[in-house]
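**Q** Can you keep this structure in mind? I'll have questions shortly.
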């Protein structure tokens, strides 16, 4: 093709003339810069290169970061990592060489991006998110994205989404809202982790985390203030009752007080409280954790505006059909197992005694029967995490069987922006709640904040109002 033929094909002479005329009309002091910017807008953006690298997440474990290039700029994304991968979720691709990062390196995923995904996407319009995501799914050819790696695919998907927003010259959340067909963005209620337990902490609290939800806040700014103030009051409560060491924080910023060691003043205080309250239940680690959170809320004066949430992660302590709430206790008897019915009764009593608005994974991921029975009581929001794993088939089953009434969305469990949008639509159509969630291995990428707003999720769980990779989401 000759130069003249190239110019004619792309109508460059006409576009340059239009740019010059626009500069004249605008009476710009810098016509060269004006014409350059005008030409950028006149030319549709395409993906020109995708470059990946290995970085570390908040736990010091490798993850994938991507820079996606278009003729409008460079757009970066990094992906979070879960503590473990369930059998129903998309697969993170790791090298497996125990001599390098204990087997957790992601150089294979990085290579797949640089050599395979980049080649497939170069030349594509970044605004067509569905086509970009589908191209990667087709390239992978596996159900769980195990060939290229869900971590590789998701990093590129998020970077492309940012490039698409830039091409349309709109904020990221508006672009995602357009992709989902939503018109009204909604700021979510933050679910702040304030106490960490489960297998992520060294205390005897069996549940994974205790959260606070400022449901009475009028604006997100007010909710953030409530969360921060309560968090710092809780720090004071823990210092008084457990000592300064109790204020160490877990992977997502929640405090990890030594709940297993009950000092005398705390025992007496709670004993008297329960007698006055005519509660016949003995003090347990769960109640002990809830008590100190409630005390912290009381010190803020936000009693009527803050609810409590519990992330149980019951799969972690389910043995067969029984639940071992003492699985972390140094003095466990090995005989104090609870049945599904016992667990339902325990949750009923907790909901009666504390302002609990939400419980995540109250039962094992395969205990559909008891989850359905508890959800049917209508005592609180029942969130499916391990139960669902953001998997469309399991979400469809849970909707059909009324097993829970809210989805915990973890985008790396599904692998692309498009698929995340689709499962949220499923949940919304079933009149479920949606909680957009962090992972334990996070980065400073705050994509999930824009995602939560764009999809009208209503709730976001990004950890404590502490640690940079958690606060980045709330600040966004």
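Even glycines carry a Cβ here, placed using N, Cα and C.
Look at TrEMBL and you will find 47-176 tagged as domain 'Enolase N-terminal'. The domain 'Enolase C-terminal TIM barrel' annotation in TrEMBL covers 184-476. Per TrEMBL, active site, proton donor is recorded for 252. The annotation Mg(2+) binding site is assigned in TrEMBL to 360, 385. The active site, proton acceptor annotation in TrEMBL covers 410.
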**Q** If I take the alpha carbons of residue 385 (Mg(2+) binding site) and residue 410 (active site, proton acceptor), what is the distance between them in whole Å?
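**A** Distance between the two Cα atoms comes out at 9 Å.
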**Q** Once the chains shown are all counted, how many other Cβ atoms turn up within 10 Å of the Cβ of residue 385 (Mg(2+) binding site)?
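**A** So the Cβ neighbour count for residue 385 (Mg(2+) binding site) comes to 27.
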**Q** Quick one: Cα separation, residue 410 (active site, proton acceptor) versus residue 360 (Mg(2+) binding site), in Å?
**A** 13
**Q** Please list, in sequence order, the residues in the chain of residue 252 (active site, proton donor) that are at least six apart in sequence and whose C-beta is under 8 Å away from its C-beta.
**A** 193, 196, 200, 209, 438, 440, 442, 463, 464, 467, 470
**Q** Taking only same-chain residues 6+ apart in sequence, whose CB is under 8 Å from that of residue 360 (Mg(2+) binding site), what do you get?
**A** 208, 309, 310, 311, 312, 313, 383, 384, 385, 408, 435
**Q** Report the DSSP secondary-structure composition of the domain 'Enolase N-terminal' (47-176) as helix, strand and coil residue counts.
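**A** The counts are 54 helix, 26 strand, 50 coil.
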**Q** Roughly where does the domain 'Enolase C-terminal TIM barrel' (184-476) sit in mean pLDDT, to the nearest integer?
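**A** Summarising the domain 'Enolase C-terminal TIM barrel' (184-476) by its mean pLDDT gives 90.
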**Q** I'd like the Cβ neighbour count for residue 410 (active site, proton acceptor), meaning other Cβ atoms within 10 Å of its Cβ, all protein chains included.
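**A** Its Cβ has 23 other Cβ atoms within 10 Å.
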